[in-house]
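Here TrEMBL flags 16-39, 51-76, 88-109, 129-147, 168-192, 198-217, 237-257, 269-288, 309-326, 346-368, 380-402, 408-426 as transmembrane segment.
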Amino acid sequence: MTQTPQIATYPQIFRFWLPLAATWLMMAVEGPFIAAIIARMGAEAVNLAAYGVAFAFALVAEAPVIMLLSSATALCNDRISYRRLRHFSIALSLAVTLALALFLLPPVYDLVVRSLIGLPAEVADLTRTALFFLLPWPGAIGLRRFYQGVLIADHNTRRIALATMFRISFMGATAIFCYLTTSISGAIIGALALSSGVVAEALMTRVLAHQAVAALLAKEPSPGAHIPSYRDIANHYLPLALTPLIGLSVHPMVTLFLSRAPNPVESLAVMPVIYGLTFVFRAVGLSYQEIAIALLGENKDNYPKVRNFAVMLAVATGGCLTLIAFTPLNRIWFEEVSGLTPTLAAFAATPLQIMALFPALTVFICFQRSILIVTRLTRPVSLATAVEAAVIFLLMFVALLYLPLAGATAAAGAYVIGRLVAVVLLQRPVGRQIVKEYHG
């Protein structure tokens, strides 16, 4: 495979980061686009709420396969390791698909969604139907992430961006076609569009990874190289899977809180729109994590510029969302772009303002994680994620019992405070590693 050149200048960092940033930003467009389609159909509040709940459960189903990208990048070094990790990825993708299917069985679904979460009946019924259309989602995500890791190991990030463009185009075409030619519910259109898009992307990623796969299949293990067994792969992967699993499990708990807090239908309706907008800016930080890992791993002298670039990204993303949240741009986004009614747009303004700095915090925590991953001190990453989730749950519980806040407003505050606590918690081990590895 080709070797990545040493990257030290800001223009080189920017060019290396841009394809992955474009990939994340294109994925971030999905949420607002589908929410805008749903908002322009009948029964917008119920359909937006059902779509938001279904998407939250789909994210949890997806969580166990997200880190296949990192594992493929790290472990696919030759013919044997590629085949073993491919088998592992296929098995894991099938397992999460089966788990989602079992969740949709009436006894299980009714216990969790109707009894525990307490969703209104009309939202619960529509959510279950939407989840049926999302069944291909987690498995397709798993295989896509695996082949994306193969492409990154081959230093071919532009092909990842190309596959994502294909996904967005296919998703958009499906949503618009269903909107114009069918009378099915908006939540179902959203779920169908998401599933069709990610399946198309998985297939395209496999096609674009053909050369990289052929190179791996032609490469024999190096003499004396450790060939990972399936047990080794599992031991390597399971700790990595913990962080996104904990993080994404927050969303169903937030849904539980929103369904029981004041203004439940309004809160459930606007949170997907708010989350979609913030994700557009948070995607910048999420895409930078792997870039920072690559650059810091290549040369410790890259640290100052990698750090400074992260600060610039944090200022830019936080500043842009703040500008939208605290100016009439928020009304334009919610009403004109997202299609919310003036009442729902006004309801969404305060939660968005609370979350204005969330993208900047995302950049900071991704930079912190990159330092810990490069220096192979990964336990604090999972610990901080667990603490963040615990803080969010605690604050939502307190708000539900003692604070007369709308659910969306309380949830927005809990998200921001939880992320801030995680950043502060990581700073101590990160600081030690910086002194040890970069200033020692």
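Glycine too: its Cβ is placed from the backbone N, Cα and C atoms.
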Cβ contacts the transmembrane segment (168-192)/the transmembrane segment (269-288), at least three under 8 Å, sequence gap 6 or more: no
Beyond the flanks of the transmembrane segment (16-39) by at least 6 residues, Cβ under 8 Å: 7, 47-48, 51, 55, 157-158, 160-161, 164-165, 167-168, 171-172, 175-176, 179, 186-187, 189-190, 193-194, 197, 272-273, 275-277, 279-280, 282-284, 286-288, 290-291, 294-295, 309, 337-340
Proximity verdict for the transmembrane segment (408-426) and the transmembrane segment (269-288), three or more C-beta pairs under 8 Å: yes
Positions whose Cβ lies under 8 angstroms from the transmembrane segment (346-368), at least six residues beyond its ends: 263, 266-267, 270-271, 273-274, 277-278, 281-282, 284-286, 288-289, 292, 306-307, 310, 313-315, 317-318, 320-322, 324-326, 330-331, 334, 340, 384, 406, 408-409, 411-413, 415-416, 419-420, 422-423, 426-427, 430
Outside the transmembrane segment (380-402), six or more residues from its ends: residues with CB under 8 Å to it: 239, 242-243, 246-247, 249-250, 253-254, 257, 260-261, 365, 369, 372-373, 410-411, 413-415, 417-419, 421-422, 425-426, 429
Positions on the same chain near the transmembrane segment (198-217), where near means CB under 8 A and six or more residues out: 1, 76-79, 82, 136-137, 140-141, 143-144, 147-148, 150-151, 153-154, 156, 159-160, 162-164, 166-167, 170-171
